[in-house]
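Per TrEMBL, the features are as follows:
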REGION    1-37  region 'Disordered'
COMPBIAS  14-37  compositional bias 'Basic and acidic residues'
DOMAIN    38-215  domain 'GTP cyclohydrolase I'
BINDING   C108, H111, C179  Zn(2+) binding site
Amino acid sequence: MDAVLKSLSVRAPEAADKRSDAPRPERVTERPTRQEAEAAVRTLLRWAGDDPEREGLIETPQRVVKAYEQIFGGYRQDADAILDRVFEEVEGYSDIVLVRDIAFHSHCEHHMVPFMGRAHIAYYPRRGVVGLSKLARVVDAFARRLQTQETMTAQIAETIDSVLHPRGVAVMLEAEHLCMAMRGVQKSGVSTITTQFTGVFKQDPTEQVRFLTLVRDRR
Ligand SMILES: Nc1nc2c(ncn2[C@@H]2O[C@H](COP(=O)(O)OP(=O)(O)OP(=O)(O)O)[C@@H](O)[C@H]2O)c(=O)[nH]1
Ligand SMILES: [Zn+2]
């Protein structure tokens with residue numbers, strides 16, 4: 001079961017242990033109603049300096065909430081379940097499988113501003129392979145949450161590792177963070193690269209080089 005889904009599970013307030021020496025209870029997160037979410041958008045529109053009642057903005061809160069359902073739909077997805085179908089009839093194929101240039105859009109957890117880029121994923125199958133699209137679906141399941149690039153990289157690698165038990169997983173994300181481009185330090189065109197390796201990719205630097213070479217080789 002996916003840790004983020006678990007951390008967002010709703011618990012009754014009385015279930016929390018009130019003793020001061022007790023371990024910290026699991027976070028209680030009540031999902032607000034759609035009406036509450038739309039009211040929050042109206043507040044932000046007023047905070048930005050606009051009039052939420054003017055014609056162009058009157059339906060914007062509904063649209064924003066609908067957009068959030070898609071953009072943050074990853075909270076309602078179980079990433080492990082995406083990988084539950086394994087194809088074993090692959091004539092014993094056990095060499096590298098690399099899916100590169102998986103485009104993704106996410107939002108940074110610090111500013112709720114988009115960061116976007118490409119994910120490259122490789123694994124050495126141990127017992128069959130998964131559908132290639134499923135790797136892209138795992139990327140989306142984590143991208144459609146509030147994220148840091150590092151966390152997202154680790155979550156993708158951990159999910160593939162723990163569900164498929166391959167001989168190794170390599171994940172690389174390259175992304176541009178609009179919170180660095182549109183605001184704050186205002187540097188455009190900066191890429192951030194993150195990698196996470198498990199198994200043979202972690203143990204053997206030549207496997208890392210093979211992965212990086214295949215990611216970079218554009219012939
Ligand atoms: N490590 C990491 N940092 C991120 C990511 N996305 C955004 N950030 C950074 O998160 C930091 C938040 O810094 P704070 O000082 O708390 O916030 P801030 O005052 O808005 O920072 P500035 O962006 O420098 O204006 C910034 O340096 C962002 O560039 C990410 O995915 N990974
Ligand atoms: Zn940010």
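Numbers run from 1 along the shown chain.
Any Cβ shown, glycine's included, is placed from N, Cα and C.
Automated prediction, rather than curation, is the source of TrEMBL annotations.
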Listed in sequence order, residues not in C108, H111, C179 with Cβ within 8 Å of the centre of the Zn(2+) site Cβ atoms: H107, E109, H110, M112, V113, F115, H177, L178, M180, R183
Around the Cβ of C108 (Zn(2+) binding site), other Cβ atoms within 10 Å, all chains included, total 18
Cβ contacts within 10 Å for C179 (Zn(2+) binding site), all chains included, total 16
Determine the mean pLDDT over the domain 'GTP cyclohydrolase I' (38-215), rounding to the nearest whole number. 97
List every residue in the same chain as H111 (Zn(2+) binding site), at least 6 positions away in sequence, whose Cβ is under 8 Å from its Cβ. C179, R183
